[in-house]
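**Q** Here it is, the structure, as structure tokens.
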Amino acid sequence: MLFTNARIVTLRDDQDYGLIEEGAIATDGDQIAWVGPSADVPDAYRSETTHDLGGRLVTPALIDCHTHVVFGGNRATEFELRLNGASYEEVARAGGGIVSTVTATRGASEAALLADALTRVDALIAEGVTLIEVKSGYGLDRDTELKMLRVARQIASARPVDVRTSFLGAHAVPPEFKGNPDAYIDDICIPTLHAAHAEGLVDAVDGFCEGIAFDTAQISRVFDVAGELGLPIKLHAEQLSNIGGTQLAARYGALSADHVEYATDADAQALAKSGTVAVVLPGAFYTLRETQVPPIASFRKHAVRMALATDCNPGSSPLTSPLLAMNMACTLFRMTPLEALLGMTAHAAAALGEQDRGRIMAGARADLCVWNAQHPSELAYRIGFNPLHQRIFKGAI
């Protein structure tokens, strides 16, 4: 297939948009076979079925590399509590927060969880997402964690989107283990990880390293098992405080360290050395009305790749708009529109260990977005506006 009359944002490298005016893209199945100026299309592709894109902007398809779209229940009441002065930590310690979602998720059927998740996934797809990471972590027992991961796998069969799963058993201490996180890690989390891996449900292993969740020693035990199973790792780190999560992620060579509001310059250096991606999540920052901004300048200084995601979840980021996440990253964190677009494409792919996505180049996946926009900065600039004209998934319109 040949796409012509396009203004192509290749993102060939991280320095600029790599814009090709009057460009063309040839695909072969689900891969990009050639990209360049329309005048230079090789003869081998000129006889292909041609689609004139009308001079529209084409970018790599968007990737949401950090979501919790599978969950039961609703936590809108907590929104009111926080507006009345309760902190995220206070809500959690009072039995709300993640634990309230755990109760609802445990009680929901797979069918109900899938139906609810698909409403969120549909919103992401409508703004150009073709790859979504989905975490467990609202079960905190064997059966429900496995149930969540099975539902996550079913999303890819129910919708034209790819899904990568992350086992997040170390998300919170469930009520039945209150005050005894070590027993939970050893008796529930690690055995469940083994079971999920045996069932083929896990692509990566995640954890929440924070004062209200698990410390570095507890997370390390989970990561050691992940290593034995050959699974890559990710980590929620330095969202509400700094207890060494980012350094831990770097030591383990994690794919990503996520949130990272309280990361330091030394943490940024560690991420750069390990090649770990910093995933910033402005939806949670915004919803929780936080004031500590991720150290974007340090990430730039040390050439740490910055990814960006919705963090769609019921408590701290009920966000299903990647375009709004891009705007938030620019407005709240002072990222540039180029950084935001890279964060939702090439760097998001890196945060998932995907090497063939996020850029428009020969050999890459033919996942593309066609936009009614003049310049790529418009994607992060406008609010409440979806300029998506067409989403191309695996080379198919």
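Cβ atoms are placed via backbone N, Cα and C, with glycine included.
Checked Swiss-Prot, it gives:
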BINDING   His66, His68, His236, Asp311  Fe(3+) binding site
BINDING   His66, His68, His236, Asp311  Zn(2+) binding site
BINDING   Arg75, Tyr138, His171, Gln239, Ser316  4-imidazolone-5-propanoate binding site
BINDING   Tyr138, Asn313, Gly315  N-formimidoyl-L-glutamate binding site
**Q** Say we define neighbours as other CB atoms within 10 Å of the CB. Which of the binding-site residues His66, His68, Arg75 has the fewest?
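**A** Among the binding-site residues His66, His68, Arg75, the lowest count of other Cβ atoms within 10 Å belongs to Arg75.
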**Q** Please tell me which one of the binding-site residues listed here (His66, His68, His236) sits closest to Ser316 (4-imidazolone-5-propanoate binding site), measuring Cα to Cα?
**A** His68
**Q** At 10 angstroms around each C-beta, which of the binding-site residues His171, His236 has the fewest other C-beta atoms nearby?
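**A** Result for the binding-site residues His171, His236: minimum number of other Cβ atoms within 10 Å at His171.
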**Q** Applying a 10 Å Cβ distance cut-off over all chains shown, what neighbour count does Gly315 (N-formimidoyl-L-glutamate binding site) have?
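**A** So the number of other Cβ atoms within 10 Å of Gly315 (N-formimidoyl-L-glutamate binding site) is 23.
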**Q** Restricting the comparison to the binding-site residues His66, His68, His236, which residue's C-alpha is spatially nearest the C-alpha of Tyr138 (4-imidazolone-5-propanoate binding site)?
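**A** Checked the binding-site residues His66, His68, His236; minimum Cα distance to Tyr138 (4-imidazolone-5-propanoate binding site) goes to His68.
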**Q** Other Cβ atoms within 10 Å is the metric here; tell me which of the binding-site residues Tyr138, Asp311, Asn313, Ser316 scores highest.
**A** Tyr138
**Q** Hey, for the N-formimidoyl-L-glutamate site built from Tyr138, Asn313, Gly315, who else sits with CB inside 8 A of the CB center?
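**A** Output for this site, in sequence order: His68, Phe71, Arg75, Ile98, Thr101, Gly137, Pro314, Ser316.
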**Q** Starting from the Cβ of Gln239 (4-imidazolone-5-propanoate binding site), draw a 10 Å sphere and report how many other Cβ atoms land inside it.
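**A** Around the Cβ of Gln239 (4-imidazolone-5-propanoate binding site), 28 other Cβ atoms lie within 10 Å.
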**Q** Can you grab the distance from His236 (Fe(3+) binding site) over to His171 (4-imidazolone-5-propanoate binding site)? Cα atoms, rounded to a whole Å.
**A** 9
**Q** May I ask for the distance between Asp311 (Fe(3+) binding site) and Gln239 (4-imidazolone-5-propanoate binding site), taken between their Cα atoms and rounded to an integer number of Å?
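**A** So the alpha carbons of Asp311 (Fe(3+) binding site) and Gln239 (4-imidazolone-5-propanoate binding site) sit roughly 12 Å from each other.
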**Q** Taking the mean position of the Cβ atoms of His66, His68, His236, Asp311 as the Fe(3+) site, which residues outside that list, in the same chain, have a Cβ no more than 8 Å away, listed in sequence order?
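**A** Near the Fe(3+) site, the remaining chain residues are Thr67, Lys135, Asp258, His259, Leu281, Ala284, Ala309, Cys312, Asn313, Ser317.
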